[in-house]
């Protein structure tokens with residue numbers, strides 16, 4: 001259900017009517033290998049690109065529908081220099097090749113928008129999205145790889161994405177940074193339930209990610225399958241400057257992080273099995289880009305599409321009336337708002353319109 005707002009506070013007088021409708025094709029992305037020594041995601045995305053092209057040409061109905069209804073972006077390696085270093089040194093060290101050629105961890109190098117979001121919450125400031133304009137300082141220089149991905153995020157209206165890593169087997173969802181500054185603390189986003197469902201959509205289709213009986217990873221051997229193969233990022237360990245939360249707080253994009261296995265640099269002979277373990281989950285997660293509401297915001301008189309209209313959501317499932325404090329904005333090509341609760345009301349608002 002979509003409703004127009006009843007006020008135009010802070011906007012120009014003589015508002016015109018606003019239309020919020022017309023389906024659009026949503027944008028999806030997978031990015032892998034931002035830690036250069038975590039290579040399975042890189043290999044899976046190269047295989048996925050081949051699979052999508054081959055199956056499309058072969059007339060596979062599911063693949064043809066997915067490709068025809070979506071715009072899919074695949075970046076197999078965000079950190080090719082790190083990958084080269086890891087490969088040249090045998091790929092068996094837990095840290096060599098993780099950082100880029102300037103020894104910077106790219107998943108700590110994005111502007112810290114969590115700090116801004118939590119500050120806005122404490123100050124009761126309602127600005128809850130597209131926070132990049134509020135950045136007033138950086139903890140370190142933005143690296144070339146980070147800058148390139150930031151430009152991609154800000155130039156393409158992504159709806160859904162995942163960042164592929166290695167070292168454990170779990171689907172990780174926002175927030176990655178704890179509110180209090182604690183090293184481990186469950187820190188929910190306004191879309192916590194939607195993010196849980198997105199993480200489960202991958203974990204449940206992976207061959208073993210959600211299994212409580214599989215072997216765990218790491219020094220303590222913990223098995224995230226005991227919690228259905230998913231975790232809140234900050235509840236696991238708090239990360240500042242990560243790409244996952246940057247996507248959510250700088251744009252309309254909902255991103256999760258996929259840890260694809262205990263072995264960061266698996267041998268060639270296991271890649272086919274890893275593909276079979278992940279193929280169904282990779283496909284199913286891409287389909288989630290179509291969950292929610294999508295459309296185009298237009299001027300009712302001229303029919304011209306309007307950018308920067310605000311899409312606000314209320315969860316009214318089971319008699320609730322809860323504002324979800326994370327808005328998205330429309331672009332010239334339209335909007336898409338992720339949402340996986342049973343019953344939502346969506347509001348469109350733009351200055352100068354009613």
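Yeah, the Cβs are placed from backbone N, Cα and C, and that goes for glycine too.
It should be emphasised that the depicted structure is a prediction, and the values quoted were computed from it without experimental measurement.
Counting only same-chain residues six or more apart in sequence, the Cβ atoms lying under 8 angstroms from the Cβ of residue 259 (active site, proton donor/acceptor) belong to 165, 166, 167, 168, 169, 170, 171, 172. What TrEMBL lists as active site, proton donor/acceptor is 259.
The domain 'Peptidase M14' annotation in TrEMBL covers 1-289.
Averaged across the domain 'Peptidase M14' (1-289), pLDDT in this predicted model comes to 91.
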